[in-house]
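Structure first, then comments.
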């Protein structure tokens, strides 16, 4: 019984550590030709933001703080 409790505690700790470190995905706000961030109105998954991110060379993006955010968008690809 004691081994089961210890095993459960270890599993919980490792899952907490994984969720803390796994949540920070690098990315950037893409900019249009005028240097402005792309606005969006529907927070979270947003097809218009996904389309914008694809124009900038990455596969996925979403609406965050009413601006499109592209995951894994490098600084060199921010502007079109």
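Quick reminder: no glycine exception, Cβ is built from N, Cα and C everywhere.
The shown structure was predicted, so the numbers you read here are calculated from the model rather than taken from an experiment.
Features reported for this protein in Swiss-Prot:
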DISULFID  40-63  disulfide bond
DISULFID  49-68  disulfide bond
DISULFID  53-70  disulfide bond
DOMAIN    25-80  domain 'LCN-type CS-alpha/beta'
SIGNAL    1-22  signal peptide
Alpha-carbon distance [residue 70 (disulfide bond); residue 49 (disulfide bond)] in Å: 8
Fewest-neighbour residue among disulfide-bonded residues, criterion Cβ within 10 Å, set 63, 70: 63
Neighbouring disulfide-bonded residues, C-alpha within 10 angstroms of residue 40 (disulfide bond) - of 53, 68, 70: 68
Residue with minimal Cβ packing [other Cβ atoms within 10 Å] among the disulfide-bonded residues 40, 49, 53, 68: 40
Residue distribution over DSSP helix, strand and coil in the domain 'LCN-type CS-alpha/beta' (25-80): 12 helix, 17 strand, 27 coil
Integer Cα-Cα distance in angstrom, residue 53 (disulfide bond) to residue 68 (disulfide bond): 8
Spatial separation of residue 70 (disulfide bond) from residue 63 (disulfide bond) - C-alpha basis, Å: 9
Rounded mean pLDDT for the residues that make up the domain 'LCN-type CS-alpha/beta' (25-80): 96
